């Protein structure tokens, strides 16, 4: 029987929590869920040897490349193709043996006896799909829950799911050529810790903060990678309605993939549009320099079945979030990198000729739509450049409060909370936003305060790094801590990248975070109590938008 409870929309019923029958709420079948568990288990085994090899002076970058890529494939709404996971499992087994040999050779060369490891280091995956599925329950996240209890399993899950989010951001940086030995070493250490099957709750919560600290380093690395590769985000008016012509829609998060598509479609008479979390690409100078980057269409991931069906061209998924393609567009959607869906064409060689051919064969937009625009590009480079103006506005009473409202979106009606907060924030407040949660209000009119826009789109979910930088700069300007600022954080979560970001905020000691719309299923009442007492968390948001606004506004500089 499958078991998965890593996303916000996991099944919750009187019978229990977690998706235990196929398909899960994300569309994942039992085979894929089981294979993902095996692959994750093997990643821990690889890390066991990689950490020890590194201690012997042997750091193997290809091994760490595979760890991050492999974990990324197991995120919610990334890869649903069981056959791909069979291949990845086979590859993981080979890579584990390779790093094991490197470790043992290095130990012997230094006159030391190699450790005899256990757990994931020794797990031998079966050769066939049928046999692999028989093995899967033994390595599932909830294996031995009857003996260990749900608190221990939940604390382990918090660490693991945070690491999956870290892996996604690290992979985006690595495809741009940015890697850090410090990051790789810490990732190996955390996965090795999980491989030891820890049971101490307080120790595991401390380790989860290590995941948060690691994610801070990775988000900073990705910010440098994006800025060095494409320039710093600029304030940009981006079109959100189509223009006449052939068209390609690019969704996901990977700016490197978008750059390749833009380069290969130059002078082809094809317009390229972004979708979802790819919206901030339109603010990067070296990407918006392509004249056929025509703007952004659509909204958050959960609306893609309707939006993709209406789009008159091919769609390219560069990362999560993919959901089951509708019949009307399944033959014109493509996946890249870690993404996969059964029966959908996958491009793994960087050649987008099939996408270009599809764009030319499909009708495209037959006329310009009425022009509509929104303003984006308020990353930390932009905001820190006008920090003095913002500080003066606060000192003169023009800006009373800051709200950070964003994160992952989803289908729950309870997520209207975030719309209510943003729309009802008073006229002397500024709303910063990021991630796909912004689509709930980023087309609304917010106006400005003395030329400072009241709605500041900071970027993708990983641009939480920018929000942290800005908050730190404001705290320094006012000679106070971040928790003393007139700043309220309302974080919407859906999948594992949001888990990593949340852990990063906790690692920074930021208190009073509003998290929702529901509690992560793996956080048991015991774990919630420990987190609430230490971090002053408020984990129940439903129906409290107006009350939370009043409470927030009582906290002023």
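Note that Cβ sites are derived from N, Cα and C of the backbone, with glycine treated the same way.
Contacts of residue 19 ([4Fe-4S] cluster binding site) defined by a Cβ separation under 8 A and a same-chain sequence distance of 6+ are given as 2, 3, 4, 5, 10, 11, 25, 26, 28, 33, in order along the sequence. In the three-state DSSP classification, residue 19 ([4Fe-4S] cluster binding site) falls within a strand. The annotation [4Fe-4S] cluster binding site is assigned in Swiss-Prot to 4, 7, 19, 26 on the grounds of sequence analysis.
What Swiss-Prot lists as hybrid [4Fe-2O-2S] cluster binding site is 253, 277, 321, 408, 436, 461, 495, 497. Neighbour density for residue 321 (hybrid [4Fe-2O-2S] cluster binding site): within 10 A of its CB lie 27 other CB atoms from the protein chains shown.
Residues or ranges marked as cysteine persulfide in Swiss-Prot (evidence: sequence analysis): 408. For residue 408 (hybrid [4Fe-2O-2S] cluster binding site), other Cβ atoms within 10 Å of its Cβ number 28.
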Worksheet item: Which residues, in sequence order, are found in the same chain with Cβ within 8 Å of the centroid defined by the Cβ atoms of 4, 7, 19, 26 at the [4Fe-4S] cluster site, excluding those residues themselves?
Response: 5, 6, 9, 10, 11, 18, 24, 25, 28, 33, 76
Worksheet item: What does DSSP assign residue 436 (hybrid [4Fe-2O-2S] cluster binding site), in three states?
Response: helix
Worksheet entry | Sparsest Cβ surroundings (other CB atoms within 10 Å) among the binding-site residues 7, 26, 436 | 26
Worksheet item: In this structure, which of the binding-site residues 253, 497 has the fewest other Cβ atoms within 10 Å of its Cβ?
Response: 253
Worksheet item: Rounded to a whole number, how many Å is the Cα of residue 321 (hybrid [4Fe-2O-2S] cluster binding site) away from the Cα of residue 7 ([4Fe-4S] cluster binding site)?
Response: 12
Response to the item:
Within 10 Å, the Cβ with the most other Cβ atoms among the binding-site residues 277, 495 is that of 277
Item to complete: Among the binding-site residues 253, 277, 408, 461, 495, report those whose Cα falls within 10 Å of that of residue 7 ([4Fe-4S] cluster binding site); none is a fine answer.
Response: 495
